[in-house]
Ligand code: CP3
């Protein structure tokens, strides 16, 4: 494998010294880019982009080619490829988000759920190897998965939820059934992430997008505990290098202390928390990734620069910060505002890394 030319992101995740604060954007390959919309049209659909390694590689590279200041790339795929491989039948209806043909609500269906053969996800691992080749050491490649809880919300509800009443009812009335779903999914995610690492992923991120919908105790029992299991089961080194892990519970800033104890190298932060306070709360246990509101990218370069400066000042001097948005970049973002964001991070962050 070629040597990595820019390892700033990996170093920051391990809280090692860097010359500036590395940055990437969640959902950096996506609809805000005209070149992405063009590729999706050629491929026919979003799922075709994910399932064809040539297309997945092409769209993964688009933000990197447009923005030389990005310090990391992320596999182009979706968290819902996992429940799809588990037999639930993923599909997208134009403008409506993801849905499943089958749901896990009946006891008999839940008991039949099994860890799928990873061969069903070979297209993802092929995409990872092809992206690594194409990157040629420019920046590291992040692999990812959904958390068991977040994947289970889609598997039980059949679609993205807002109130999650079906799965929450199961959590309270039949916790045994939900634990079976979560345990099977956690074992699947361990195999899935380790196969991504074997194919070339240099860091991994677990997206717990709906963990913040849980009550205090339910978060520990139904989400965090399973993420801890996954982190424990991850391959720790590949190609002679540590493979750092990032855990991100959207809406989960109340539980940062608990998250810092599960063995992950870094925690993702949404925009609801002051990153400086978060840093004090987690101490030197983990690095932090975040946490600018993606809606700021809809404003002006001046407002963006001001917010970047505020977040950097809040984190303060020293290492262990990966700049990012607090959630995915929205499709309404003007591409030139993303450029302004990346330049602001590079320019303003240097002063916090002088010895
Ligand atoms: O960050 C990246 O650039 C990598 C690609 C990536 C996608 N989805 C591509 C995508 C990643 C890391 C994801 C993760 C994902 N997918 C999550 C966790 C992160 C989060 O946003 O909370 C979740 C919950 C999903 C499920 C999902 N996929 C939803 C809810 C939607 C519809 C909402 C939307 O933004 O359209 C998707 C579709 C999706 N995944 C798109 C992309 C680029 C848009 C598809 C399109 O082209 O129309």
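Each Cβ is built from the backbone N, Cα and C atoms, and glycine gets one as well.
Automatic prediction, not curation, is the source of TrEMBL annotations.
Going by TrEMBL, these are the annotated features:
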- 22-31: domain 'Uroporphyrinogen decarboxylase (URO-D)' (DOMAIN)
- 27, 28, 29, 30, 31, 78, 154, 209, 327: substrate binding site (BINDING)
- 78: site 'Transition state stabilizer' (SITE)
- 142-158: domain 'Uroporphyrinogen decarboxylase (URO-D)' (DOMAIN)
I need the least crowded one of these binding-site residues (27, 31, 327), counting other C-beta atoms within 10 angstroms of each C-beta.
31
Please report the distance from the Cα of residue 327 (substrate binding site) to the Cα of residue 78 (site 'Transition state stabilizer'), rounded to the nearest angstrom.
15
Whole-number Å only: compute the distance from the Cα of residue 154 (substrate binding site) to the Cα of residue 78 (site 'Transition state stabilizer').
13
Under 8 Å Cβ-Cβ from residue 78 (site 'Transition state stabilizer'), six or more apart in the same chain: what's there?
46, 50, 98
Three states by DSSP: which one describes residue 154 (substrate binding site)?
helix
For residue 29 (substrate binding site), what residues in its own chain, 6 or more apart in sequence, show a Cβ-Cβ distance under 8 Å?
36, 59, 60, 62, 63, 74, 76
Please give me the CB contact count at 10 A for residue 154 (substrate binding site), counting all chains in the structure.
28
Grab the substrate binding residues from the record (27, 28, 29, 30, 31, 78, 154, 209, 327) and give me their largest CA-CA distance in Å.
23
Under DSSP, the domain 'Uroporphyrinogen decarboxylase (URO-D)' (22-31) has how many residues in helix, strand and coil?
0 helix, 1 strand, 9 coil
